[in-house]
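Okay, so here's the structure we're looking at.
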Amino acid sequence: MHTNKATSDRDTISLNNRAKSDQKRAIRSSIASWTIVLVSSYLAVYHLPIPTPATPSLFNRFIFTSRLLVFAVLPIAFGIFAIMHSRFNNMAAMGSNPVNAKGSYMLSMVQRYLLNTMEQTMMFVILQVTLSTLLSAEGMALIPMYVFLFVVSRFLFFVGYMDAERPVNRAFGYTMTLAVNVYSIFMCLFLLATKSLTFEL
């Protein structure tokens, strides 16, 4: 009886230590990802030779942004193919029924990754199109930078999600995606407040 209680206490302590370690890792990942997005934003506008429309009319801004947003769809396409691959490899357990509850851990995680990525992508696309109508000519360099960071962060999120031993590793990719969208929201709101809804119309 005492042995079982001692074992249970050790397991509880181990879980608590693991939770604290994961919390610290998540906080460090969050700070790093928010800092990376902030520094990248500054570099994109003031230092990096990122091509932007020569004539930044509203039409050119929209075309420029639309072309870049094709890359933002890549994480969704990746998730779809990952699900297809996982289902094919688990057909012995699942059968040919795609809604069979018997699936692998990886399939479950890929499905969650895809759902989260679709949600984030929908918000990202709306924000970038809106932002492209409000930024200055120099500020348009933020659009390709944010598309790049978004795609990278989604793949980092996927890699972290697939780590069954330390799923907290997904925090870096997740918070980087969040940082891109949150910065975009605040910029849109600030520019709308300072330039009005009829800016350049």
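Heads up, residue numbers simply count up from 1 along the chain you see.
From the backbone N, Cα and C atoms, a Cβ is placed for every residue, glycine too.
Record features (TrEMBL):
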- 31-50: transmembrane segment (TRANSMEM)
- 62-84: transmembrane segment (TRANSMEM)
- 113-135: transmembrane segment (TRANSMEM)
- 141-159: transmembrane segment (TRANSMEM)
- 171-193: transmembrane segment (TRANSMEM)
| Result, the transmembrane segment (31-50) in contact with the transmembrane segment (113-135) (3+ CB pairs under 8 Å) | no
| note | Relative to the transmembrane segment (141-159), the stretch among 31-50, 62-84, 171-193 with the most Cβ pairs under 8 Å is 171-193
| said: Let me spell it out: take the transmembrane segment (31-50), skip the flanking residues so only those 6+ beyond its ends count, and list any with a Cβ under 8 Å from a Cβ in it. | reply: 138-139, 141-142, 144-146, 149, 153, 172-173, 175-176, 178-180, 183
| note | Outside the transmembrane segment (171-193), at least 6 residues beyond either end, the same-chain residues with a Cβ under 8 Å of its Cβ set are 25-26, 29-30, 32-34, 36-38, 41, 116, 120, 123-124, 127-128, 130-131, 134-135, 142, 146, 149-150, 152-160, 199
